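Notes to accompany the following structure.
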Amino acid sequence: MAKLSESEPRIYSFGKVACGILTHVLCVVFTVFITVLAKPGTSLFSWHPFLMTLAFSLCMTEAVLLFSPHCSPIQKLSHKTKGRVHWILQCLCASCATLGLASIFYNKHLNGKPHFASWHGLVGLGTLCVVGVQSLAALPLLYHSLAKGWSLAKLKRYHAASGLVTYLLGSVSLLLGICSVWFTGAVGGYTWYLAALCPTLSTLVIMSQVSNTYMAKKRLVS
């Protein structure tokens, strides 16, 4: 990795660092914005957008950025430590998403509304299930003795690919939430487009990070 980074043009490396920092800022700003808008605690529903955004915008994004060679907040720590922090953040993501789902489910129950009657609800439920499976499937990466007959390199490759799919599902769920009646009724105009840009740009950066990491590994092997 060091040789590859040394051969990159300086402006290219600077662009990667800038994109990573921007992603950190976007996920925090977006989460704060939704928190202010939802005012968690003012109603049962208010916990749903807050917890889901905390899960899929903040925890999940930061969990992936931990492995960024350009903007990881714990870049100097060992890969094993990063893996454990990553798993903790993913567990927090799953916990927040579960509580967020429970709050909207009970709120709909109290108001006599149908459950999972929209694409937002269906994608959100599917994403939560995938996050749970992804978190459990990561255990052999932490404790390799659990994965008999599987090489660590192959496990990492599969985990990265499925993790990227999970992140894409989470981003789609957030974007569908932005299209909900609650959000469109609360904001409008340029604010809506700026809000939609946050998960969109974050997704592009995460996709680039994951794909470039494994492309770089492939070049090193060859």
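Each Cβ is built from the backbone N, Cα and C atoms, and glycine gets one as well.
The feature domain 'Cytochrome b561' is assigned by TrEMBL to 15-217.
The transmembrane segment annotation in TrEMBL covers 12-38 (among others).
Same-chain neighbours of the transmembrane segment (44-67): 20, 23-24, 27-28, 30-31, 34-35, 37-38, 73-74, 82, 85-86, 89-90, 92-97, 99-101, 103-104, 106-107, 110, 124, 127, 131, 163, 166-167, 170-171, 173-174, 177, 182-183, 198-199, 202, 206, 209-210, 213, counting only residues six or more beyond its ends whose CB sits under 8 Å from a CB of the stretch. For 44-67 (among others), the entry in TrEMBL reads transmembrane segment.
Per TrEMBL, the feature transmembrane segment maps to 87-106 (among others).
Residues or ranges marked as transmembrane segment in TrEMBL: 118-143 (among others).
Under the heading transmembrane segment, TrEMBL lists 164-184 (among others). Beyond its flanks by at least six residues, the transmembrane segment (164-184) meets 37, 45, 49, 52-53, 55-57, 60-61, 64, 118-120, 123-124, 126-127, 130-131, 134, 192, 195-196, 199-200, 202-203, 206-207, 210 of its own chain at Cβ-Cβ distances under 8 Å.
The transmembrane segment annotation in TrEMBL covers 190-210 (among others). Note on the transmembrane segment (190-210): residues 19-20, 22-23, 26-27, 29-30, 33, 56-57, 61, 64-65, 67-68, 160, 163-164, 167-168, 171, 174-175, 178, 183-184 of its chain, located 6 or more positions outside it, place their CB under 8 angstroms from a CB of the stretch.
Long-range contacts of the transmembrane segment (12-38) within its own chain (CB-CB distance under 8 A, at least 6 residues past either end) are made by residues 5, 46-50, 53-54, 57-58, 61-62, 65, 68, 70-71, 73, 183, 186-187, 195, 197-199, 201-202, 205-206, 208-209.
Distant neighbours of the transmembrane segment (87-106): 44-45, 47-52, 54-56, 59-60, 62-63, 66, 115, 121, 124-125, 127-128, 131-132, 134-135, 138, 142; these residues of the same chain sit at least 6 beyond its ends, with a Cβ under 8 Å from one of its Cβ atoms. Confidence annotation: the domain 'Cytochrome b561' (15-217) carries a mean pLDDT of 92 in the model.
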